[in-house]
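Features of the protein shown, as given by TrEMBL:
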type     : residues                                        : note
DOMAIN   : 11-189                                          : domain 'Glucose-6-phosphate dehydrogenase NAD-binding'
BINDING  : 14, 15, 16, 17, 18, 19, 20, 21, 48, 87, 88, 150 : NADP(+) binding site
BINDING  : 180, 184, 218, 237, 342, 347                    : substrate binding site
DOMAIN   : 192-489                                         : domain 'Glucose-6-phosphate dehydrogenase C-terminal'
ACT_SITE : 242                                             : active site, proton acceptor
Ligand SMILES: NC(=O)C1=CN([C@@H]2O[C@H](COP(=O)(O)OP(=O)(O)OC[C@H]3O[C@@H](n4cnc5c(N)ncnc54)[C@H](OP(=O)(O)O)[C@@H]3O)[C@@H](O)[C@H]2O)C=CC1
Ligand SMILES: O=C1O[C@H](COP(=O)(O)O)[C@@H](O)[C@H](O)[C@H]1O
């Protein structure tokens with residue numbers, strides 16, 4: 001891994017798309033402002049539509065201004081951007097792209113270091129990588145890296161096929177599979193909270209933890225992504241990647257050292273230890289939901305089946321809740337509950353670690369129980385941790401009251417948490433793949449997910465839509481915990 005800012009050329013396939021506009025250009029700009037880009041860098045945008053370099057530069061400036069709500073302070077930044085119109089399925093135009101890259105290497109004195117960022121629909125990934133190789137764009141004197149967006153396949157079989165295709169042109173070490181949750185500040189903090197605090201690690205097991213809950217709720221619907229989403233659903237869109245990655249970080253053993261390989265290898269062990277769910281058991285462990293009409297912050301919104309590019313009889317889930325068991329020594333018997341969905345009450349990602357009750361309650365000699373100790377990791381929009389304890393109620397003799405120890409990361413003045421994409425792009429430039437997903441993790445995640453999606457694809461959900469937009473999902477998601485004697489901790493207010 002390189003700690004200096006290496007000279008590099010970034011080629012973004014899909015440069016006129018939504019992801020490039022909303023996330024990639026603003027992130028590159030922030031890296032530039034912070035001095036994290038070498039002065040010798042260039043970005044080449046690739047897409048089909050015809051644009052001149054100047055038009056593309058104006059487009060990039062506008063994207064950054066829309067995202068930062070500020071005027072671009074440094075015009076010289078966009079002079080590093082170039083555009084090349086190309087249909088990725090047509091072999092002929094790769095040669096012109098190759099010549100452009102060689103010219104830019106010479107102009108910026110870049111020693112052939114290339115990042116190929118595929119911000120395009122996944123059906124093009126294999127075609128692009130095979131052309132990059134056959135047309136000689138990967139034959140460079142410097143390093144080459146492939147950044148690949150999700151979804152990585154549709155199931156294990158398609159993911160294996162895709163992996164086989166991209167591995168013809170890039171080695172595993174050169175492939176950076178993006179999971180943007182791994183770039184989030186508080187997701188990266190999970191490891192530090194666990195492994196840098198003497199008070200948590202000894203308790204981090206089935207003797208002291210009763211259950212762990214991970215919620216990632218959104219208020220947005222499918223927006224203009226109906227075409228993609230209706231073939232994906234929440235299980236593939238959020239659970240196979242982001243939710244399982246958070247489970248792996250929470251459950252993994254301490255790595256021998258903080259190297260990419262050591263951390264990944266511990267995460268893979270967790271994913272492999274997930275108790276497989278057979279077809280017959282899906283209903284016992286998983287709940288699916290689809291939003292109907294409702295209200296989000298007082299505004300009426302349409303149901304999922306009325307969204308653009310969505311089948312009006314769609315069977316696609318926009319909500320998933322699940323109970324995961326990790327069959328290893330540390331976690332045997334501890335349920336990890338996950339839930340995620342669109343058009344829910346609020347936008348929030350939180351992890352709640354609920355500790356077991358104390359063995360005997362000295363303070364209430366009645367049936368009343370003390371509040372359980374909770375460790376809450378606030379991922380977004382607020383970032384921080386809260387530890388829920390019990391203390392003596394002031395004045396009254398030996399009565400307890402729940403108290404909270406709070407740390408808020410994004411409340412500290414002057415701290416502007418970097419965007420996930422900003423951190424991940426920077427890691428990729430330095431060759432640090434720790435916060436990217438290794439093929440073994442992808443494969444293990446699909447193996448776990450496939451039986452669930454197979455059952456859901458083959459059985460029509462008769463009760464869809466089964467939750468109102470603006471709610472916390474279907475009732476069955478609450479019942480999933482109730483039958484184990486737990487409940488979802490609320491996202492706001494008390495925690
Ligand atoms: N948008 C988001 O928030 C997120 C997106 N992703 C992933 O990122 C990837 C891109 O998504 P997104 O930006 O939303 O997609 P868009 O549909 O907005 O953009 C697609 C891009 O691909 C280009 N394109 C399409 N066909 C071709 C072709 N044959 N040859 C060359 N260029 C082509 C389009 O430009 P043109 O029409 O000019 O050719 C456009 O630039 C997807 O894999 C998606 O799953 C992942 C997480 C979040
Ligand atoms: O990957 C995805 O994530 C977003 C949610 O990301 P967040 O950072 O806003 O929590 C989700 O909306 C989208 O459907 C999914 O593809």
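Backbone N, Cα and C define each Cβ position, glycine as well.
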**Request:** Based on DSSP, name the secondary structure state of residue 237 (substrate binding site): helix, strand or coil.
**Result:** helix
**Request:** Going by DSSP, give the three-state secondary structure for residue 88 (NADP(+) binding site).
**Result:** coil
**Prompt:** Distance between residue 14 (NADP(+) binding site) and residue 237 (substrate binding site) at the Cα atoms, whole Å?
**Reply:** 20
**Request:** Would you measure the largest Cα separation among 14, 15, 16, 17, 18, 19, 20, 21, 48, 87, 88, 150 for the NADP(+) site and round it to whole Å?
**Result:** 21
**Asked** Long-range same-chain neighbours of residue 18 (NADP(+) binding site), Cβ under 8 Å, sequence gap at least 6?
**Response** 224
**Request:** Taking only the Cα atoms, work out how far residue 48 (NADP(+) binding site) lies from residue 342 (substrate binding site), in Å, as a whole number.
**Result:** 31
**Item:** Sparsest Cβ surroundings (other CB atoms within 10 Å) among the recorded positions 48, 184, 242
**Value:** 48
**Message:** Which recorded positions are spatial neighbours of residue 16 (NADP(+) binding site) here, meaning Cα within 10 Å, out of 180, 218, 237, 242, 342, 347?
**Reply:** none
**Inter-residue Cα distance where the pair is residue 20 (NADP(+) binding site) and residue 218 (substrate binding site), in Å** = 21
**Message:** Between 180, 342, 347, which of the binding-site residues has its C-beta surrounded by the fewest other C-beta atoms within 10 Å?
**Reply:** 347
**Message:** Measuring Cα to Cα across 180, 184, 218, 237, 342, 347, which the record gives as the substrate binders, how far apart are the two most distant ones in Å?
**Reply:** 20
**Inter-residue C-alpha distance, residue 347 (substrate binding site) and residue 242 (active site, proton acceptor) (nearest angstrom)** = 15
**Complete:** Across the domain 'Glucose-6-phosphate dehydrogenase NAD-binding' (11-189) the predicted model averages a pLDDT of 94
**Long-range Cβ environment of residue 88 (NADP(+) binding site), under 8 Å and at least 6 residues apart** = 13, 46, 120, 124, 127, 128, 131
